[in-house]
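Here is what Swiss-Prot records for this protein:
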type: TRANSMEM; residues: 9-29; note: transmembrane segment
type: TRANSMEM; residues: 76-96; note: transmembrane segment
type: TRANSMEM; residues: 106-126; note: transmembrane segment
type: TRANSMEM; residues: 146-166; note: transmembrane segment
type: TRANSMEM; residues: 177-197; note: transmembrane segment
type: TRANSMEM; residues: 228-248; note: transmembrane segment
type: TRANSMEM; residues: 259-279; note: transmembrane segment
type: TRANSMEM; residues: 299-319; note: transmembrane segment
Amino acid sequence: MLNTLLTHLINPLAYIVPVLLAVAFLTLLERKVLGYMQLRKGPNIVGPYGLLQPIADGVKLFIKEPIRPSTASPTLFLVTPMLALTLAMTLWAPMPMPHPIIDLNLGVLFILALSSLAVYSILGSGWASNSKYALIGALRAVAQTISYEVSLGLILRSIIIFWGGYTVQTFNTTQEALWLLLPACPLAAMWYISTLAETNRAPFDLTEGESELAPGFNVEYAGGPFALLFLAEYANILLMNTLSAILFLGASHMPAIPELTTINLMTKAALLSVVFLWVRASYPRFRYDQLMHLVWKNFLPLTLALVLWHTALPIAFAGLPPQL
C-alpha cells in the first residue's frame, strides 16, 4: 500500500509541484527581462524585488468568477484547458532529470506523440468557445503546430541515428565525449527555431497575438480556465528547453561531481529559456505566409537531406578499417 502511494502519488507530485513553481517564476523572469530591455523596472512592488508577483497573479486568476459564454459548449469549454495542463505535466514523465519517473524504451516517441495531442486542446478550446475569432485563432494554431511538428520529427529522426536508440537516457552515453551541438549544428539551429514555433512563442505567436485587437483561441477564457491554458503554455516552454538541453547540450552527468547533475541540466534549460525571452523582446511577429514558407520550403528539404545524409554516412563508411 505504502509503495503504491509512493509511486502513484508522491513521485508525480515531486515532479509536478517544482515544474509549476518554475512556470510561475518564469513568468516573473519574462516580465523582468522585457522590462529591462525596454528600459523600465518590471514588477517590483509585490514582495521583495517583485518575487511574490506570480503568486499574487495566480491567486487573482483563480478567485475570479469563471465566465462562460452562453453559447459555448459547457463541457468542452472547461475540459480543454484541463486537458492542456494534464498533457503538459504528463510530458515530463520520461525526462531524465537525472532519473525519469517512468523508464520508457521509446521515450522520444512518447514525447513526440503527447506533444502532438496538445493540438486537440487548442482546437477544442477554440471550437467550444463558439466565437469566430477563437475558431480562426485555433485553426491558425493547429496549422502552425502540425507544420512545425513535421520538422521536429525529422530532426529527432536524425538525432536518433546519431545516438542509436529511442531511450532518452542514451543521450548521456552518446554525449560523454562530444556535445551533439557541434556535429549537428544546423539541426540544433532548426530544432530551436521549431521549438519557438511549436510553443507559440514570439516571433511565431500568431496564434495568440497579444498586441492585436482580439487574441487567439483563448479570447473567451477568463479566470481559472485561462490560468490553466497559461500554465500549460509555459510548462511546454520549459519542457522544450529541457529537451533541447538533453538533445544537444551534452550529458548532464558529471563523473567528477555527480551531485551537480540536476543543477547542470537546470542551468542549461534556464539559459535556453532566457534566450526565448530575449527573442520575444527583440523580434517582430512573422507574417503567416512567411511562417509557413520557412517550414515547408526551407526546413523540410534541409531536414530530409540531413536524415538521408546521416543514414547513408555510417553505411558508406562501414567497410573502412577502424584504424583509418
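Placed from the backbone N, Cα and C atoms, the Cβ positions cover glycine too.
Computed from a predicted structure; not experimentally measured.
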Out of 76-96, 106-126, 228-248, 259-279, which stretch has the largest tally of CB pairs under 8 angstroms to the transmembrane segment (9-29)?
-> 228-248
The transmembrane segment (146-166) in contact with the transmembrane segment (299-319), cutoff 8 A, at least 3 CB pairs, sep 6+ | yes
Cβ-Cβ under 8 Å with the transmembrane segment (259-279): same-chain residues at least 6 beyond its ends | 26, 29-30, 33-34, 37, 97-98, 192, 196, 201-203, 237-238, 241-242, 244-246, 249, 252-253
